[in-house]
Amino acid sequence: MELICPAGTPAALHDAVAVGADAIYCGFNDETNARNFPGLNFSREEMRESIAHAHRYGVNVLVAINTFARAGNVELWQRAVDDAVEAEADAVILADVGVMDYCARTHPQQRLHVSVQAAAANADSIRFYVDSFNAKRVVLPRVLSVQEIAAITREVKCETEVFIFGGLCVMEEGRCSLSSYATGKSPNMDGVCSPAGAIQYREENGALISRLGDFTINKFAKGEAAAYPTLCKGRYQTDEGCGYLFEDPASLDATTMLPELRAAGVAALKIEGRQRGRAYIERVVKTFKEVLSALDDGRPLPVDALRGLSEGQSNTTGAYKKTWR
Amino acid sequence: MQLTLGPVLYNWKPEAWRDFYFRIADEAPVDVVIVGEVVCSKRSPFLEPHIPAVVERLSNAGKTVLMGSLTLMSLPRERKAMLELAGDDQFTMEVNDLTCLGMLGGKPHAIGPFVNIYNEATAKYFASRGATRICLPPELPLSAIRAIARSLPEVTFEVFAFGRVPLAISARCYHARLNKLSKDNCRFVCEQDPDGLAVTTLDDEPFLAMNGVQTLSYTCASLLGDIDKLRDAGAGSLRLSPQQCDMVAVAQLFRDVIDGKLAASDSAAKLSAIYPLQQSNGFLFSKPGAAFITDSGDVRRIVPAA
């Protein structure tokens with residue numbers, strides 16, 4: 001199984017190449033990619049140089065152009081596709097059907113992957129992307145069990161890729177407007193979820209309160225570890241009581257599911273975290289290289305090797321285990 | 001400008017669901033009605049026995065009836081059900097997931113608000129595959145609605161104009177989770193909240209609403225005061241999403257504003273009297289969806305009188 005690593009900067013890409021990533025995904029520094037944070041991502045020149053560097057070491061680069069093109073300015077997304085092709089991207093990762101249509105018509109030789117943002121959650125939906133745009137791979141949303149992933153992978157005529165580590169979307173990706181409801185900035189249009197610019201912290205009677213836009217997302221008692229106020233991982237209340245109604249502030253770690261994901265025929269494993277620092281990327285990639293090599297050799301998998309990276313939060317296998325639902 | 005009644009998103013008692021549509025057929029000034037379960041396939045069997053009578057009554061009343069597809073499908077039986085629906089020449093489908101597009105094979109269809117059509121290039125692609133009506137995603141701003149609608153005059157574009165706004169869909173059932181049940185053994189607890197279950201912040205501020213696997217806004221979208229702007233942008237229909245209130249009166253209010261019989265400025269208070277929930281229209285102006293933007297550009301919240 002191919003190990004796909006995130007790179008938010010050229011330096012992170014260099015590190016990922018050095019520690020043995022099979023492929024790296026990254027995006028341009030504008031709203032065409034779904035991690036549109038200040039100070040992150042690649043200029044056109046950095047993209048060309050970084051891809052050339054990766055290719056010298058036999059590492060593939062996948063360029064994510066995975067927000068939905070803004071009406072009246074679709075050219076910005078089309079130009080991102082042109083530029084990725086020109087920079088010799090090994091694949092473009094697309095979400096918008098109009099952009100896929102453009103890519104398939106203008107650059108028929110370009111390898112096209114379906115982004116997780118395209119919300120392709122079953123074989124019929126994936127077939128649509130394969131038949132219409134010659135998609136070679138689909139990144140599956142984090143709402144499927146391993147059994148469902150296995151069934152899909154058996155049925156479709158393209159590769160499947162799944163997330164194995166990092167942030168966990170509990171809503172189907174590409175179909176969530178929670179963040180824009182609270183902040184006016186949208187994952188689909190602006191490439192940001194629970195954006196840092198909309199967050200405020202304040203202390204009240206010793207408790208730390210985190211707010212997103214006009215809304216309180218969480219309150220932490222003195223000494224309690226404070227999680228980033230991602231909207232779907234906040235504490236709320238209903239008449240039934242208060243708590244983490246949607247999901248605890250947990251990260252995805254599918255290490256224990258790797259044997260099953262391999263048996264399912266999954267082609268690629270994706271690590272989330274283009275916004276993460278170099279040290280993080282390096283450690284996660286190294287660790288997963290070790291885990292995968294143990295898996296290949298039939299050795300026992302290292303136990304809890306990544307606990308130190310989960311920032312004091314808990315880990316979950318998310319939807320991969322059906323009981324999560 | 002047309003009025004569309006969207007599908008009931010909540011788990012209503014089957015007889016109440018049937019009677020709701022009978023009354024809509026007889027009394028509501030809506031042109032198009034979308035019928036069917038689009039949120040959770042576990043609820044479908046309860047509605048199915050009533051669908052033929054509902055469709056007949058609505059059709060006889062001159063309404064155009066569309067059958068809504070599921071929004072998120074992962075089970076084989078869900079795909080099979082959609083295949084049957086897509087193949088049924090008696091109905092036009094409103095597609096809520098691309099799963100159904102291949103099944104339709106180019107047959108004319110509508111597209112619901114859960115398919116991501118954010119720009120004119122994507123709209124044109126779907127129109128080329130047989131889409132004749134498109135309900136745009138609720139988070140689209142007016143500028144985008146205008147750019148898309150103006151570029152494709154032959155397609156009827158619809159805008160989500162009333163009701164709690166659908167914001168997210170998951171494989172996990174939050175109603176079940178709240179009741180410490182699994183989705184597979186949910187005991188249909190969502191039926192206890194036929195208008196959605198209010199979710200408030202730790203400051204007791206209303207924020208979201210839960211509906212099984214779906215998450216909606218706490219606020220009620222109301223574009224009643226923005227009808228002139230929407231018409232100017234090229235919107236051909238306004239979607240009213242059923243809530244637990246007098247939907248006939250809601251439809252009549254929208255009809256009266258569209259027809260110029262009632263001033264938009266007088267309508268917000270009238271709507272509050274019918275459905276006393278905080279109103280919002282922020283998405284239309286690229287502001288937080290929860291906000292309400294007045295004609296003078298003020299950001300405020302319309303809170304109904306106690």
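Just so it is clear, glycine is given a Cβ too, placed from its N, Cα and C backbone atoms.
What TrEMBL says about this one:
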- A:CYS169, A:CYS176, A:CYS193, A:CYS232: [4Fe-4S] cluster binding site (BINDING)
- A:306-325: region 'Disordered' (REGION)
Using Cβ atoms only, which of the binding-site residues A:CYS169, A:CYS176, A:CYS193 are under 8 Å from chain B?
A:CYS176
Where's the emptiest Cβ shell within 10 Å among the binding-site residues A:CYS176, A:CYS232?
A:CYS232
In the chain carrying A:CYS193 ([4Fe-4S] cluster binding site), residues 6 or more apart in sequence that have Cβ under 8 angstroms from it:
A:CYS176, A:SER179, A:PRO187, A:THR230, A:LEU231
Any same-chain residues 6+ apart from A:CYS169 ([4Fe-4S] cluster binding site) with CB under 8 Å of its CB? Would you list them in sequence order, or say none?
A:VAL116, A:PRO141, A:ARG142, A:CYS176, A:CYS232
